[in-house]
Amino acid sequence: MSAFIVLGAQWGDEGKGKMTDYLAEEAEVVVRFQGGNNAGHTVEVGDKQYKLHLIPSGILYDDKLNVIGNGVVVDPKALFEEINYLEGVGVNVTPEKLIISDRAQLIMPYHKTLDVLKEKARGKNDIGTTGKGIGPCYTDKFERCGIRVCDLMHEDVFKEKLEENIRMKNEYITKVLGGEPLSFSEILNEYLEFAKKLRPFVQDTSVKVYNNIKENKTVLFEGAQGMLLDIDYGTYPYVTSSNTTAGGVCSGIGIGPNMVTNAVGITKAYTTRVGKGPFPTELVDETGDWIREKGHEYGVTTGRSRRCGWLDLVIVKTAARVSGLTSLAVTKIDTLAGLEKLKVCVGYKFDGKVIDYFPASLEDLAKCEPVYEEFDGWDDSVAEARTYEELPENAKKYLNRIAEFTDTKISIIGVGPKREQTIRIDSI
């Protein structure tokens with residue numbers, strides 16, 4: 001195993017931060033390949049809790065190289081706020097530990113302004129954006145007017161591109177969206193200061209990662225969000241603006257698919273999602289509220305409460321197929337401890353038949369009725385288990401059904417938020 005991917009197999013918030021931190025112990029390089037600071041990871045080590053948004057989880061180790069690839073959109077202000085936060089809690093962030101792609105797109109102040117104003121203009125049809133400027137930044141990338149990190153390293157180039165973008169964006173912001181114009185000089189001065197601080201971290205990350213893999217070093221690719229938020233395979237338009245599946249790794253860092261050996265899908269023992277969008281197994285009742293409170297289901301980035309529901313294996317099976325998952329890591333089975341009965345969705349009733357795939361059309365999905373299997377629950381002793389054999393029998397039956405239905409082995413089980421509350425039962 002020289003290069004492997006850690007991906008969310010649901011709508012994000014599956015526990016990727018903890019699992020990446022756990023698996024990073026085996027890696028020498030940890031790489032982010034898509035998304036931006038709209039993602040949030042919580043990692044607990046001992047009695048300390050760390051909240052990460054943009055920087056890879058491997059930063060908590062002193063001996064790991066962390067990489068922000070070209071597929072990531074970088075907000076310099078958010079980046080240095082996160083660096084300051086980490087250094088304030090005793091985590092060193094240096095160019096020896098963190099490098100950033102010169103090809104990564106920069107999130108600019110007008111991206112955040114556009115994000116907020118366009119969401120407001122949608123009214124009741126809003127898509128639940130975090131307002132971080134992620135979507136507008138990716139839009140500029142594909143409209144070929146985006147500003148990259150390498151542009152910021154050349155003052156004249158940056159100034160010219162910024163001037164043209166400010167002219168165009170201000171016209172749209174003021175005349176179409178009714179907002180206030182942004183100041184060219186303020187943004188220029190702010191970003192030139194960022195350039196000085198950013199320069200030591202910048203290099204061609206594709207070459208760096210490629211060389212590390214060729215030297216047989218272990219590289220971990222850390223996904224953000226989840227498969228059902230993928231721009232192509234998610235619940236469009238209630239998705240993020242990047243490819244969150246395994247396919248995003250190759251374009252998001254610049255390596256070939258033959259260099260990736262394994263892909264681990266992270267899934268909770270139940271299902272959650274934030275914001276609007278379809279959710280077939282959602283529990284809008286006391287059980288859903290109970291899961292939310294016991295599982296502390298509130299967003300790291302936004303603080304928004306997460307919608308909670310029964311485990312939807314149709315979603316996880318779809319993730320396994322689309323990303324070619326070689327194993328699953330099932331998290332938060334301790335959260336379900338105490339429920340007498342549990343349900344798992346193994347299909348949808350649709351147009352008089354049962355299907356086991358996720359429809360592309362939201363209109364079709366709205367007609368789908370979950371088909372459930374019921375399981376007996378388990379008690380809180382599950383949180384004390386450190387081997388598979390120590391798990392309650394009912395928890396084992398639940399996990400076995402997950403592996404059977406998705407045709408994907410389970411390699412890791414999470415029984416609590418801390419690094420040590422992790423059971424390894426197989427290779428990934």
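Glycine too: its Cβ is placed from the backbone N, Cα and C atoms.
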Candidates THR113, THR240, THR287, THR318, the one Swiss-Prot lists with ASP13, GLU14, GLY15, LYS16, ASN38, ALA39, GLY40, HIS41, THR130, ARG144, GLN225, ARG304 as binding IMP: THR240
Within 10 angstroms of LYS18 (GTP binding site), Cα basis - recorded positions out of HIS41, GLN225, VAL300, THR302, GLY303: HIS41
Distance from GLN225 (IMP binding site) back to GLY15 (GTP binding site), taken between C-alpha atoms, in Å: 10
Between GLY40 (IMP binding site) and SER305 (substrate binding site), the C-alpha gap once rounded to whole angstrom: 14
Binding-site residues: VAL300, ILE333, VAL415 - member with fewest neighbouring CB atoms within 10 Å: VAL300
Neighbourhood of GLY12 (GTP binding site) by C-beta distance under 8 A, where only residues 6 or more apart in the same chain count: ALA39, ALA224, GLN225, GLY226, LEU229, ARG273, VAL274
